[in-house]
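Features of the protein shown, as given by TrEMBL:
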- 41-60: transmembrane segment (TRANSMEM)
- 67-87: transmembrane segment (TRANSMEM)
- 99-117: transmembrane segment (TRANSMEM)
- 129-152: transmembrane segment (TRANSMEM)
- 172-195: transmembrane segment (TRANSMEM)
Amino acid sequence: MKQNHKTFLTRKRWIGLIVLILATIFTAIYACKTNIDPAPATIAGSFGSIAALLLISYILKVRDDLFFCGLLFVYFASPVGSVLNLYRSVDLYDKVVHFFSGLLLASLGAMIMSVLLKHAVQTIKKTKVYLFAEATFAFFFSSAFAGIWEIFEFTADRLAGGDMQRGMVDTVTDIIAGNLGALTYFLIFTVLILAGKARIDDKLLN
């Protein structure tokens, strides 16, 4: 699907975006009226996450399915995880979020690989070689971001005096969870390739 300034935010995407913004507002209000009492920077970060999602989605021209998965992920990762403090109050919530971030980033990585290979080796565009290259890039793209995110948390903690990282064990297990998500995507993609059911999304190549 070819997107531009006029068609990026379709009616469906506007509805999804508005629902996310309203859900974030109500979540912040609820948190402020209870004993959770999140820091203003945490609430602002939730809206910053929405803005970042929009920017990335626009630049990379993501598909609708990935866009809406991104909306869901942002809500559960930031407003629910940080504003409602479920990262600390619910065991393994942090790991579940990191696992699904691995899946989403792997999907994004596969899409980027398709675009990067648009003009490369057209004769093998629809062969297993191309698809395996896409699957491998997807894994390492997601794996790299799992580490980059921990660097971001470390930097934010040092500059803003936060407490996003809770020690070495938390950091390493977060990275492991993200990599497990990436590996899950890679294995599913590989099975589809071997079964002959994987295909190139030609819409990304136009």
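One-based numbering along the chain as shown.
Cβ atoms here come from the backbone N, Cα and C positions, even for glycine.
Please treat TrEMBL annotations as automatic predictions, because they have not gone through curation.
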Practice item. Please indicate, using numbers and ranges, the residues of the same chain that are 6 or more beyond the transmembrane segment (172-195) and have a C-beta under 8 Å from a C-beta there. Key: 94-96, 98-107, 110, 128, 131-132, 134-136, 138-139, 141-143, 145-147, 149-150
Study note, to complete from the structure: Among 41-60, 67-87, 129-152, the stretch with the most Cβ pairs under 8 Å to the transmembrane segment (99-117) is 129-152
